[in-house]
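**Q** From TrEMBL, here are the annotated features:
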type: BINDING; residues: L118, T119, F146, P147, S148, D149, D231, H234, Y256, W287, N315; note: pyridoxal 5'-phosphate binding site
type: MOD_RES; residues: K257; note: N6-(pyridoxal phosphate)lysine
Amino acid sequence: MNGGVNGGVDDRLNDMEAEALRLDATDPLPALRGDFHIPPAPGGPYAESAYFAGNSLGLQPRSAARWVNEELDDWARLAVEGHTQGRRPWVDYHEQAREPLARLVGGLPHEVVAMNSLTVNLHLMMASFYRPAGERTRIVIEDTAFPSDSYAVRSQAVHHGLDPERTVVRLRPRPGEEHLRTGDVLGYLEREGRHVALLMLGGVNYLTGQLMDMPAITEAGRAAGAAVGWDLAHAAGNVPLRLHDWDVDFAAWCSYKYLNSGPGAVAGCFVHERHVRDPAVPKLAGWWGTDPATRFRMAPEFSPPATADAWQLSNPPILALAPVLASLELFDRAGMDALRARSERLTAYLAARLSRVAGLEVVTPADPAARGCQLSVRVPDAAAVAGRLAAAHGVVADTREPDVVRLAPVPLYSTFHDCHRAGTALRAVLDHRPDG
Ligand SMILES: *Cc1c(COP(=O)(O)O)cnc(C)c1O
């Protein structure tokens, strides 16, 4: 399967492959790979791809089609009656996501809701919790924030009549360093905290894979008098979260990355109970946020329940919520803590394999406590490298221009053998790199 290489290298590869297969056979939490559709390999010697792009779009659970088809079927059979007579009536369909989402992010059930998409939820949260006043106007994000978050916070500043250049502060790593130091974030809050209205960072950075110290930063941000929100796009379903205990003000995440719920799937949102209980917290309102007991009286007064549901605007897209329920079932079956333990084993194995590949630099922190499953590697011409990984080896990774390839071994469906394939393929691709 590696035609053209000499016998010694072949033997070593065979030994490494045997080791990977042994790790797969003996892992205390074997992959639930059989519960997912594994895409065929775009190239290379294996039928299935070694899929490392679950940080961008998670794989489809085999059960997702059944969940979606049941709703299509209820719509066909029952039409409007499906709101109340369906197998899972649509009028309170979103409530089925509540308990599993609460378990996933460490929230209380009345602190979480599945709704909208991520950037929309960030705006809804900022409408409630970004309340610039007096000298306290700043929004603090990380310099490597995802662009949607950068646009969102700048537009919030403008929305409040503020200059985004002066209002949005982008925290940078020290010169020559890749990651924000927790101590530097805390130092900023100590020095400048009285100016900070909102601190909103990514729990796991989409580019570097750095896992932030969410409890320490949340505590310091709140102590400085700021609201603290987390973008958990790359953290939900990747690392264990304790949002309630950490006293986070709000958080939002999408469901199509580690939550495997399909492109554009309904996102999630967390609002701490101290806020859901407080009717004085201002919020943008819609009819799905009012008390379901009185919603259909069609009265003009908004009377929200003391739950995160109060932030809902519209009745949810059932067809985009059904796969979320299918996926959450798998997380409940495996358990987030067991998944994290498996994730640490997989990522450590991949990191060890990558450390033996000349010509690449791992950008993600080496400390397992400071990363999720993703490893970002810096290579010359990331797009060309990822293209050859897929075409010649069936290894699917994604890239961030110009020089980062991101590899996410996802504990639900990735295997040690996938990691072996990634290590072997990267080595082959970088060894045979044409000049320039
Ligand atoms: C993926 C991602 C988004 C995407 O936002 P959508 O509103 O779901 O399109 C936003 N922020 C971060 C940090 C992300 O990783």
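Each residue, glycine too, has its Cβ placed from N, Cα and C.
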**Q** Given the pyridoxal 5'-phosphate binding site residues L118, T119, F146, P147, S148, D149, D231, H234, Y256, W287, N315 in the record, what is the largest Cα to Cα distance, rounded to whole Å?
**A** 31
**Q** Which has the fewest other Cβ atoms within 10 Å: F146, Y256, the binding-site residues listed?
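**A** Fewest other Cβ atoms within 10 Å, among the binding-site residues F146, Y256, is found for F146.
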**Q** Filter the candidate list F146, Y256, N315 of binding-site residues, keeping only entries whose CB is under 6 Å from an atom of ligand 1.
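**A** The qualifying binding-site residues are F146.
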**Q** For S148 (pyridoxal 5'-phosphate binding site), which residues of its chain lie six or more apart in sequence with Cβ-Cβ distance below 8 Å?
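**A** Set apart from S148 (pyridoxal 5'-phosphate binding site) by at least 6 residues yet with Cβ under 8 Å, we have L118, T119.
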**Q** In sequence order, what residues of the same chain, 6+ apart, have a Cβ less than 8 Å from the Cβ of D231 (pyridoxal 5'-phosphate binding site)?
**A** L118, L122, A145, F146, D149, M200, L201, G202, G203, A251, A252, W253
**Q** Show which residues of the chain containing N315 (pyridoxal 5'-phosphate binding site), separated from it by at least 6 in sequence, have their CB under 8 Å from its CB.
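**A** Listed in sequence order: W90, W287, W288.
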**Q** If you count the other Cβ atoms within 10 Å of each Cβ, which of the recorded positions L118, K257 comes out on top?
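**A** The most densely surrounded of these recorded positions is K257.
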